[in-house]
Every structure is written in C-alpha cells, then in structure tokens.
Amino acid sequence: MSPQTETKASVGFKAGVKDYKLTYYTPEYETLDTDILAAFRVSPQPGVPPEEAGAAVAAESSTGTWTTVWTDGLTSLDRYKGRCYHIEPVAGEENQYICYVAYPLDLFEEGSVTNMFTSIVGNVFGFKALRALRLEDLRIPVAYIKTFQGPPHGIQVERDKLNKYGRPLLGCTIKPKLGLSAKNYGRAVYEVLRGGLDFTKDDENVNSQPFMRWRDRFLFCAEALYKAQAETGEIKGHYLNATAGTCEDMMKRAVFARELGVPIVMHDYLTGGFTANTTLAHYCRDNGLLLHIHRAMHAVIDRQKNHGMHFRVLAKALRLSGGDHIHSGTVVGKLEGERDITLGFVDLLRDDYTEKDRSRGIYFTQSWVSTPGVLPVASGGIHVWHMPALTEIFGDDSVLQFGGGTLGHPWGNAPGAVANRVALEACVQARNEGRDLAREGNTIIREASKWSPELAAACEIWKEIKFEF
C-alpha cells in the first residue's frame, strides 16, 4: 500500500453514496458580501425532502457529484462548495419551494457570464431528483460585477451622443421582416426616419440571407439615415444586426458598421451566445458604437413558470455581458401583478441600486456600483393609443418601438412615423404640465389629433384596440 493510500485510509475515507443534505444543506450559514446568491424554485420528485432537493441543487451546481470520491480530500470543500442556506414553501403551490443557494466567488472565472451560467444553470436542470427547477433571481456581488465591463456606453452617454433628452426614444422594426431587397429595405428606413422616429431596426431574423446580403443592407441603411439626418436636423440610427454564424463574421460586420460611421449595431445575445456578446460589447465601447440587444429565444428559457430561468436573470446577465438596449416586453394589457414583475426587472436594468421587493419579483437587494444602465425597449403590438400608457409606465429612459404601429398607417411609412412622434410629444408635454396620463390619456391623443391629420388617421385605424390601465 502506498503512503498516500495509507494516509487517506487513516482519515476515514468511505466510498459510497450519501445524502446531499449532510454536506450541502447548511441553514446556519451566514452569507458573505462576496457570495453569489441564487433563488431557485424547486419542485422535488415525490418522496424527496425539500432539504435534500435544495442540497442537491447546491451540490450539482458547484463541487458535488453522485458519489463520494477520493479527490475530495485534496481540496477544501468548505471553501468551494455551494450551500443551500434557506428554504421556504411557495405560497399556493403544492410541493414547490424557494431554495436559496450561496456560491463562493472563487468558483467563477472573472468577467465571464458563460462560466457563471455553465455552473449555476448547467447539468443540475436535468437532475432526476427534481421534477422541475427554475432560477428566479441572482444576487451578483460587487466584487464580481467589477470584473465586467458591462454596457458599452449606458443611458446618459447615449443621450449625449444622440443629443436627445427629456423623452422616450422612438423606434420601428422594418417589416416584412424577411424578403425585402436591400434597396427597398433602405427606402423604408429613410421614410420612417424622415417622419420623425429616432431609430429603425433590423428584425432579429435578418442576418445575411440570399434575398439581402448584410453588406448591401448596411450600405443602403447608412445612406438612408444620413439622408434623413440631413433633412430633419436630428441624429438618426438604424440597428444594423451584426449577429452571424461565427464570431469572426460578427466582428467583420461590426467593423464595417464603424467604417460607415453609423451610431449603433445590434446583436441577438441568446442565440449568438454570451461569449460573442461580450466580445462585441468590448468592441463597441472601444469604437464608439451603441449596442442594441434582442432577446430572441428567451421564451424557450423563461416562459414556463416552474422550470427554466426568469427573464430578470437574463436581464442581469446582459447588464454584465454588455448592451445599451434590450427588449423587455410592453406591459400593455398585462395583469397588474405581471406589470409589477416586469417593471421590477426594468429597474434592475436601469437603476444603480435596487432593494429587495418580493412583490416585484426581486429576491435580493442588488447594487450595480458604477456599471452603466440599459434602456428597456417596449415593442410588440403597440400603436398610438398606447402612447400615454407607455409614457406613464416606462418613463423617459426607454425606447418605444412601433413596427406595425408605424408601417401599418393607411397613408404610408412616413405618416405613420409622424403620427407616433406627435403622439409622444403630446404625451410628454401633458405629463410635464402635470396632467394624469392614466386618466386623461385618450383625451390627450384626441386633442393632438385635431392638428395632426397623420395622427387622426392612425387613431381611426386602430380605434377598436383599447388599453386598460
């Protein structure tokens, strides 16, 4: 027997399988300021105690495996293991629990969302002892946040670049999303920007397809926004989608956008991946480009209520990885509770500090120290009648994006943009005068439509679609 084997035997190593809770359930643990804290919604299999389920999550997402191993003795598990330190039942749900897990910071590579997620939302989500598992929230410690660049520029720098203050920004996704030639696509961009919007957007599906290669689209869109800028005297932007099949092609597109002198590019951060997104965000800061983020594929991850990951976690991850805008949903037409939840993660995107507030879905107090904020983008099924609600709900630091609500105007693209800009300016002026947008919203829009025929036509075409506060 070798000396090493004798040493291990003498300290009582015993092969076999033991309950996770014996090692990883530690209700007496006091969390550290440097710990990453996670709140998991755990649905154990029948017969599995919640303490064992919570401990299994902590183990399988940190140092644990299914059996005792010799090499446990070659490191300090107390230093590196995750710990399930608190469990509470979910009100109104049978056999569901919120399990709180603390992870030592040394488990994670600095500045890598990819590595953080590989551990925390990795193989543990397929663990047989659990019927379902959902990551509801994360507390990112300041010590870890400071290893990330974060958003390339942030809200204030973007406003300074665009010279636009005191109101939400207006955007429009060009439709149809697929099938237009580059020249016709550029024409639509020009008409909408000339009509008064601040931004137009590539649809997330638009990369470099046979009907419209990326370089042609970039050239025609750049020509369109420069022409619109010259006519309106305002700085304009088009979200040029740099998402590609390889990081090399993505960077090639970002470099060409910079050479054209446009102000902003775009990335699909979930389908493109966090490594690609962080790479692009670093390039954007170094080269003065704003970065618009689309969340295509998010519903695959966050739609189920008891499995996957809540979007607030994806939003926090984006703020670490880097982006100046991100789509956040519209809130319009949602139930009141859902509105509070949505505005909870909107505040997590924008604010420097957010207090714990379970009614808004915020499980942990979160400080972002000097990390710039991200503008939430409200888009999807909105039109001029929604403008008072959107202005009231999202405030100035947001992007309100009307696709069909611009391009569906009966008189064409430019009048559709005019209608949205007039509606927004009317709502902002009314708010600044102290009027209540929640109660007087429809009246404000009707008053503005009396001197704007474009807005009057938009009001008529969408009058049957109502928003209820």
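From the backbone N, Cα and C atoms, a Cβ is placed for every residue, glycine too.
Residues annotated as N-acetylproline in Swiss-Prot: P3.
Marked as N6,N6,N6-trimethyllysine by Swiss-Prot on the basis of sequence analysis: K14.
The substrate binding site annotation in Swiss-Prot covers N123, T173, K177, R295, H327, S379. Within the same chain, residues at least six positions away from R295 (substrate binding site) with a Cβ under 8 Å of its Cβ are D268, Y269, L270, F311, L314, I326, H327. According to DSSP, R295 (substrate binding site) sits in a coil region rather than a helix or strand.
Reduced to three states, the DSSP call for K175 (active site, proton acceptor) is coil. Residues annotated as active site, proton acceptor in Swiss-Prot, with sequence analysis given as evidence: K175 (among others).
The Cβ of K201 (N6-carboxylysine) has 29 neighbouring Cβ atoms from other residues within 10 Å, across all protein chains displayed. Look at K201 (N6-carboxylysine): DSSP puts it in a strand. The N6-carboxylysine feature in Swiss-Prot is assigned to K201; the stated evidence is sequence analysis.
Taking the Cβ of D203 (Mg(2+) binding site) as reference, residues of its chain lying under 8 Å away and at least six apart in sequence are, in sequence order, T173, I174, K175, K177, L178, N241. Positions annotated as Mg(2+) binding site by Swiss-Prot: K201, D203, E204.
With a 10 A radius on its CB, H294 (active site, proton acceptor) counts 28 other CB atoms from all the protein chains. The annotation active site, proton acceptor is assigned in Swiss-Prot to H294 (among others).
Sequence annotations record features per position, and here Swiss-Prot assigns site 'Transition state stabilizer' to K334.
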Original post:
Using Cα-Cα distances with a 10 Å cut-off, which of the recorded positions N123, H294, S379 are near E204 (Mg(2+) binding site)?
Top reply: H294
**OP:** Translate the DSSP assignment of N123 (substrate binding site) into the three-state scheme.
**Re:** helix
Original post:
Among N123, T173, K177, R295, H327, S379, listed as contacts of substrate, what is the widest Cα spread in Å, to the nearest whole number?
Top reply: 37
Subject >> Cβ neighbours of T173 (substrate binding site) where a neighbour is any other Cβ within 10 Å >> reply: 23
Original post:
Secondary structure at H327 (substrate binding site) (DSSP, helix/strand/coil)?
Top reply: strand
